Every structure is written in structure tokens, then in C-alpha cells.
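Here the structure is laid out as C-alpha cells; the discussion comes afterwards.
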């Protein structure tokens, strides 16, 4: 482990918290290369916001454990130096987790603690090692001889692990550093690529050898159903244009609907990831489409497009207020479009997670009454899963029809 500390510490640029200045070595004096390195500090998480938050949490946890084991305040320079010496300000999550578990499990007898306070130095803060007479066994969270102790650190970790929001966490799969920029391939990126690949595969299966079959199979029927559905939506919602001009917008709307539909449905698969449950994804999609619709409006009407903000027949004294209100309302379309999709997907998945966790807990309480009582929450979870499946399809439809309505307003100035 100590060799691992040196190796991983050698890959991290460090500004020691005791000195607050840049350095070319880590806390234990191992030289490190500055170019392309990534220093992460538990006191300064904003220095590298792109890195997984667990890095900051684990480093802070190591420092907290060192503080408790050393019987000193966490801000004491000796505690800070010892914690830095242990984790080397590494950003390797597995390494940091191993250090923290070692400290919690073995206390002052752990390799991590002995490495942080080397050379058999007298223990700072006095007191006895964990497990000795009168000492505090921080690994078990209780005083020696006590049976009612609580491991607050492990309780916090358990509570965090059971959080229904954990399913929306973005975790790096492949870390990349390009110069001063941190680039990572995350689970979010992976499932977006899987969605794209699934759609392309479906289209390829249907259109191979130059076209579909005269008698459609299940895949071709699905593609034709989606195609006809979106085409009818465009024809019904967008007026004032000939069919050929109107259908120029059809490919963009079809791709948007198909992408959202498959992302939402993919999120219903157990142990998968719901891409549309993240606000930045839905916001980026809604704003890009909203900007495109505005450009279409200006291309078709020029500066006359601004008349959209002032309805006909409005008294002149009220015109400035109405223009301001209409402008705010128009701009908030993009925001509401993204929030609606994000909020529905996140709320539904969180509710299913909460109730399924409750049902799972009741199932393993080794009590016949709890087991029978679990049937109620279990049926509710099944019903909510069916409801969430409907919401996944409905939200893709709502997003698409609102795009058509906004596009119709931009073209016809309604």
C-alpha cells in the first residue's frame, strides 16, 4: 500500500495546505511532474470541478479519520500534514477508498496511519491506541467495553449509498488529460453512445439491401410507426407551409423524438443510466432547438419577427410592459422545455428507487408480518414502474409536440 501511495502520489500536482503554495513534490517528498498533473485538495474542491466529487469526499474522510486517531483538531498542522502524507493528494478513487477503509478498520494499527505518523513517533495528542484499555475504538465506533457505540462515518456512508439520487451520479470510466484540460469518458457518455448505436442499428436492420420488406417484420413495423407518428405530428401542428417546405423540418424533429424516446426507455432497464435525468443534457437540447427555431423565424420574417412580441390592438401605453413580458415568456420556453423533461424523469426514477428500497428492506426483516405487509409496497412499485414506462414515452411526445408548436409560432407569428 505504501508503495502504491508513492506511485499514485507521484501523479498528482500538490499545493500543500500547510504552506498554501505551489510545490514540485508531494507531502512525503516524492518528486512529481507538473505538466498535465491534477492536484485535488479536500479544502479546495473548486480547483478541479471536473473530477468526481468522491475524490474530495475520500480525501476529507482520510483527514477526518487521522484527526480522530491523533486526538487532535482537524485543522491542526500535524493532522493536515499527516493526512497529506497518507493520500498524497491522489485523485485515484480506488486508492483513496482503500486508504480510508484501512484507517477505519484498523485504526492506529493500520498501514496508512503508521505511514502518516512514521518512524514510531510519539502519538500526537496523547491517549492510547485503538482497542487498548480506556481507548476509543474508532474502527468499531465505540469506546472499549461499550456496546452502544455508533460508527458515524460508516453510518454516513451507508446513508449516502442508499440515497435514491445515487443512480444519477456521473462517474468517469476513462480519465484523460489533454494539456491543462481534464477530459473523461463517463457513464453518461457511454449510454448516449449506446442509444445512438441502438437507433442506427435498428434503422440499418430495417433499411438493409436498399429498403424494407413488402411484409414488414417487427423491427420494420416499429420504425414505420415512429416515422408515421412524427410525420402526422408535423403535418397537424405546423401550418401555413406547403408539404415540401414543411417537411424540411421533419428530419430534425424525427431525430429528436427518436433520441429522447430511446434514452427514456433505456433508463427503464435495471442497472442502466437515464441520460435525460440530467438537466444539462435536456437544457442543451432544448436551447439548441430553441435557437434554431428563432433563426428560422428571422429567416422567414426578418425584423418583422419582433411583432411576435406585441399582439395586435394593444394600447400604446401598455406596449413596453407587454413586450417585456412576452420576451421573458418566449425565452423561458427553452428553459421550461428542458426542465419539464428532466424533472419528470428524475422524480419518477427517484420515487421508484425509494419505494423499491423500502419493499426490499421489509422483505428481509425475517418477520412473517413484515413479509406479508411487503406485498403492498411491492405492487405499488410494479404499478409505478408501468407508470414510469408510460411517462418515458409521453415525455418524448410532449417535448416533440412543443417543438412543433414553437416552430409553428415562429413561422406564422401566432
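Using the three backbone atoms N, Cα and C, a Cβ is placed for every residue, glycine included.
Note that TrEMBL annotation is computational and uncurated.
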Annotated transmembrane segment segment (source TrEMBL; candidates 155-180, 181-206): 181-206
Range from 181-206, 247-267, 279-298, 318-339 with the greatest count of C-beta pairs under 8 A to the transmembrane segment (378-407): 247-267
Selected stretch (most C-beta pairs under 8 A with the transmembrane segment (279-298)) from 181-206, 247-267, 318-339: 318-339
